[in-house]
Each structure stands twice: as structure tokens, then as C-alpha cells.
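One structure below.
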Amino acid sequence: MGDVVQMHFSTVDYVIFTLLLVASAGIGVFYAFSGGRQRTTQEFLLADRSMTCLPVSLSLLATFQSAVAILGAPSEIYTHGTQYWFLGCSYFLGLLIPAHIFIPVFYRLRLASTYEVSQGGRGENCHFICVIYMGVVLYAPALALNAVTGIDLWGAVLAMGLVCTLYTTLGGLKAVIWTDVFQTIVMFAGQLAVIVVGAHQAGGVAEVWRRAQNGSRISGLELNPDPLERHTFWTLSVGGVFLMLALYGVNQAQVQRYLSSRTENEAIMSCYVVFPCQQIVLALGCLMGLVMYSRYGEDSPLDKGYVQTNDQMVLYFVMDVLQDLPGLPGLFVACLFSGALSTISSAFNSLATVTMEDLIKPHFPAMTEARATLLSKGLALGYGLVCLAMAYIASLMGSVLQAALSIFGMIGGPLLGLFCLGMFFPWANSIGAVMGLAAGLLMAFWIGIGNFVSRMQTHGVPILNGTAILDTANATTVVMTTLVTSLTTKPRCFVDAKLNRSS
């Protein structure tokens, strides 16, 4: 095995990457000092409920498209073929159900925190805020970039973390949404640049497809009902629906974007608009994996020892393909960090909202709007600083991080069940909710941890890598603001009654 190969940025690459950070910070500064100066919590946490369909849908997409997915999807396709592409079959129902079931409930209740629904909009919560994943999202792409290009690790972490904290704290949700729009465009451009140049160097798209077919990377429809298979149509399409429900139905970060829409119809339309965008994102990730295979075949940079993990392999491929085109490597790195910035900023704003609505306001009902807004900004700033601390802790945890990501992914299903219980079964009580959640978590952890331990015993070392992270990448996005809370539900859930009162 050889040493990790380090490639280097040109001056143009550094300029493009810096422009991303400057533009993101500039959006926050603009909304901090423009006409709408985030003077109320409604403006800061919910963008004054003034957003239109297109920016909301692109922001929903940006939150979904984390840096982990950008790095993981091509590696998945390169290693295991295109079966993962069938995940796109789950997107339709996974967005249609939130659009017509979850959004009307949240929008008509006029709540800022999703957790009020699970408790019927009444009573107190006991929250335990978990921000480890934000540190992972901040640290992981910087680590991969450092390993491949030699860019200073902590310089990248600090630059990204501070810029993200700046525009989230100054501009509130409106700045976060419009920054997501800008970062989504950068993500599309970065991935498209790599695919176009890589396919051209391989001899065209037809040649890329031919090599993938010869290498058995083009997968047919796998209808095997065995749930132990890595990927089948059933696990991806059916299981993917529940993944999408957890992400787009009850995740605080996404629900907050629905609530920022001007009308309920605008919020519903944002779900429809994000559907084709998600298909494009999935297609780009899969196409990049096929282009990678056409370039390296079975002799991957990982096998040759040029890199140490699958995540680094994607960056190595990008630097290898674009090394003679100054500026394009910087564009892809900007794409990668845009995914991280959008995910982290969503978490900052969502956690500030949950903390304000569920922990502070119930105990200080007489707090003035000006003080509440200032405190909300302070909370966003505080979470930003905590995220930097978590990035440092992440650097000390090694392979435990990968196990942590998988463990976080196990939480999405049971929590989705808890929210559905609160929304659709008003007669449920706290004992039933807690017992159901405990049973769900127990089963999920038994399967997930058992699988992890089994792999360790079989191979001698943990084999969770970038590909394994991919399987839980979208679920872990939910974790940042959905797992982050330990709920203490009250005896009764009267969602229907409150809906009737508000209509």
C-alpha cells in the first residue's frame, strides 16, 4: 500500500473557495442590515412567514444534500453498482405524504417547534440537545480535503464554522434559506463540472456506460424480498419512503421551512418542486460514480493505497480529473462545503427555535419581543461555537464517529412513529408513547449494533466507511434536530381539537 497522494490547489481554486465563504457571509450581513432587520422572533426564526415556493424548495433540497451524501453516493455506485439509484422511487410518496398530511397540521397549528405536536401543543418538554453530528458534518469534509490536498485542516474547519455561525446569527432563517439557494446552485455546478470533464476524458457518456456494463456496475431491478440484502427495490423504495417521512415530515429543520412560506399552498408546492430536484441530485451522484469507474475500473485509488477511505477517494478522483483545469477543483470543493454549510446552518437555526419555543418561552411568558429576538440570536451564536467544539471532539473519536452515525440513523423510525402517534391518535397517553418509543429504539439498536458487532467479529476491524455512512446520511440529517430531543410527553394529545380551534 502506498502513501496517501496529496494534490494541491491553484490560486484560482483558493479564490473560488474563498468567494463561496464571502458570498455566504454577505447574504447574512445583507439581511442583518437591510429593511427587515430580524427585529422579532417571527422574522428571525420563521422569516416572517414571507417566503415563496422556489427558495423554500431549494432550501429543503440543500438541507437534504449534505456533504456526506456528496462524498458517499459516488463511492456507493463505484463499489456496488447502480442499485442505489432506485432510492429515487421512494421520493414521490415520501414527499406527497408530507405535503398533504404533515404540512397542513403544522401550518394550521402555527407552531414554531415540531415537538409541540407530539405533546398536543401543551405542557413542558425536557430537551437534551445533541450537536455531535454538526461537528461531524463540519469536520469530515475538512479532514478528507486535508488528506488529499494538504489544505490546513483546522483552518478549513474554523473558516466554515465561523462563516456559517455569522450568517445564521445575523440574518436568521431568511438568510439561511437564501444562502441555501446560492449553495444549491454551487452544488449542482460542482458536480456537473466533474461529470462533464470526466466523461469527456473517458471518451464520452456512451463509453462510460459501456465500461460500467462490462464491469457489472449497471444493476437491474432486484426484487429479492430478503431484507438482509444490501440494496433491493423493496428496501430502497419502501424503506426510503419512511426515511423521507422522517426527513420531510417531522424534521424540525424542514418543518421550519414549510412554516416560513407565505401560505399553506406555497408550502405544499415546495414539496412538489423539490421532487424533480432530488431526482437530479441522485442522478448526478450516480453518474459521478459511473465516471469514476470508467476511469479506474477495478484498480481503485483506495486499493492502490493512494487514499485511506472511500470519502477521500471521491476527492482524489475530482483532483485527478480536474488537475489541469484551474478553478474547477475549487468549484467542487465549494460544492462539497456548500453541502456542509447548508446542513449546519439549518441545525443552528432549528436548535435555536426549539430551545426558545420549548425551553425558554414557557418559563418566561412575559419576555418582550425584542429580548426574545436577541436571545434567539445568542442561541444561534452559542450553537455555532458549540459546533466548533464538537468538531474538535470529532477529531479525537476516530472510527467511533462512523459507528455513531449509524447509531443516529437508527433513531429516525421510532421518532417518526412518536410524532405520528401524537398527530393521529389523540387518545394516546404518555405511558403508551414512552413504551412504544422504547420498544422501537430497542429493536433498532439491536439490529444496528448487532450488525456492527457482527462485522467487527467477521473482519477483525470495523468496516464502516464512507459507503456505510451513505446508508445513514439522510437519516443523520434528521438526527441533528429530531434525535436532538428527548421528549417527555404529557398525558393527552389534542392536536385535532387545536386544529379545529385554529381553523
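Positions of Cβ are set from backbone N, Cα and C atoms, glycine also.
Summarising the annotation, TrEMBL assigns transmembrane segment to 14-33, 53-72, 84-107, 128-147, 153-173, 185-203, 231-250, 271-293, 331-354, 374-394, 400-424, 431-449.
Only residues 6 or more beyond the boundaries of the transmembrane segment (153-173), in the same chain, are considered here, and those with a CB under 8 A from a CB of the stretch are 21, 24-25, 27-32, 38, 43-47, 138-139, 142-143, 145-146, 179, 256-257, 260, 337, 340-341, 344-345, 348-349, 376-377, 380-381, 384-385, 387-388, 391. Proximity of the transmembrane segment (331-354) to the transmembrane segment (231-250) is not established, fewer than 3 Cβ-Cβ distances being under 8 Å for residue pairs spaced 6 or more apart. Tertiary neighbourhood of the transmembrane segment (14-33): same-chain residues 159-160, 163-164, 166-172, 174-175, 178-179, 182-183, 186, 327, 330-331, 333-334, 337-338, 341, selected by CB-CB distance under 8 Å and a gap of 6+ residues from either end.
For the transmembrane segment (231-250), the partner stretch with the highest count of Cβ pairs under 8 angstroms, out of 84-107, 185-203, 271-293, is 84-107.
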